[in-house]
Amino acid sequence: MMARATAVVLLLAALCMTTASAAVVEHTFNVGGMGISQLCKNSVIYTVNQQMPGPTIEVTEGDTLVVHVINRTPYPLSMHWHGIFQLHSGWADGANMITQCPIPPSDKFTYVFTITGQEGTLWWHAHASMLRATIHGALIIRPRPRTGYPFPTPHGEIPILLGEWWNRNVDDVETDGLLTGLGPAISDAFTINGSPGDLAPCGGTFEAEVEPGKTYLLRIVNAAVNAELFFKIAGHSFTVVAADASYTNPYGTDVIVIAPGQTVDALMTASAAPGRYYMAARAFESKTVANPPPFDAAMATAVLRYRGVPENGAPAAMPALPPYTDVITAGKFYWSMTGLVRPGDPVVPKTVDHSMVVGFGLEQAACAPEQSKCQQFSVVASMNRRSFLFPDEVSLLEALFRGVPDVYSEDFPGSPPQAPAARKATSVRKVNFGDVVEVVLQNEAYSAALGAENHPIHLHGFNFFVLAQGLGRFDPKVKSTYNLVNPQVRNTVAVAAGGWTVIRFTANNPGMWFMHCHLDAHLPLGLAMVFEVLNGPAPNLLPPPPRGYPKCH
């Protein structure tokens, strides 16, 4: 233990010497149980440092972040730094069984990585089971002082983490979903900064105070587990200036649409008459079947209060949220934004080395023997008919680094094969360092009973350019319409139900990088794949695992 502590101190000292213009930001995350009263019920949940949401991490571009994670829960878990590139620090990505084995109960692991070339709002969350429902927080990356924002500096900032709440232990909820074969039960409420709002039974309420005439930067994170959300503030409008920590051309709107895993930075001017105004969030339900299954129809609220207005004054004004199934409003928001291109920013690569089509969706399958509560059928998910199977003895990254055989295959297909049904496989797509990868993400309705729905597809380790989006089947003729000038830059994109999205990225970081649906209900069902990026010429090499790297048990 003393040797490990000494090694960390020496590492921090070295980082301080070699990054004189940056800083080392250090946090300790104690992950453990916390008593809470929510929706008139007393519960024990798992959080970081007895906070929900967890601590906000604030860094400046170029800083090195050191986070000591101590697992005091009964569950193995890892911590993912959602959207961080992890350049030469892939061991710290925190993808459970992809880049590391989970941290066992009563053990700890220190994540160390430098944040390079990124500014804006990201977030961190547990990457095991549904524990991220309560184990998550914001990760704010500020520009260096000499750079500044590409928009007028706001008077203040308001982090807004949209969440999802279950009255039961979320690990039990997921276990039951696997036993029934139908996925987890719907949530009991949505939350804004941990509270469902005063319209819910026994609901606590987050409140933000603003000054008349001042402009604020709202840092909005969808930390919900299984729900896309509409978000509005009565009497106010927004100017979106960034998404997924990538700047956008200013986009005016009175509603934010945000999928799990995504972030949106939006400017809001306090230009309404002084008073109290509700913030509100509720589900965007995108399923295409005629009789969709139940979904959480609750609305989370918080209050925006002007300075000088009494906290218990006149009732707050309520915004008019779009209908739950308003695909037109959602599509307009998702498809209208363009990227802000500044001198020195990455540009869309014109030459493509790997052109892939990845079809994905849900289908019905026979009940498995271990699904003791399954009736009639279970649900399986796949990408290119491969339903991702997590390894259980070693992480994929360690298997790659140490050459461990028979852990995974390198045969993930580049297009949907003609197969009658999905099959379980730990299958990866191998690419060389520096290769440019273009992927057509095709959202499929494999089952008439299940239909299709929006899927937020998240790629670890990279940002990608969103070149085009549409409904129906992808037609190669649309290639002439790709936005190669100022496309959105994302790490998580909502692919429309029954539609398609084209993304392109440069594989400039060796390692194993997870691409999966960020609806957590779909991850254990297999809606995932992995890109294996080989070493490049020095210094673009995968380094050895850090001291204390968790082993599987």
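Note that Cβ sites are derived from N, Cα and C of the backbone, with glycine treated the same way.
Residues of the domain 'Plastocyanin-like' (37-145) grouped by DSSP class, helix first, strand second and coil last, total 6 helix, 52 strand, 51 coil. Feature annotation from TrEMBL assigns domain 'Plastocyanin-like' to 37-145 (among others).
What TrEMBL lists as domain 'Plastocyanin-like' is 157-308 (among others).
Confidence across the domain 'Plastocyanin-like' (423-535), taken as the mean pLDDT and rounded to a whole number, stands at 97. What TrEMBL lists as domain 'Plastocyanin-like' is 423-535 (among others).
The signal peptide feature in TrEMBL is assigned to 1-22.
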Composition by DSSP (helix, strand, coil) of residues within the domain 'Plastocyanin-like' (423-535): 9 helix, 57 strand, 47 coil
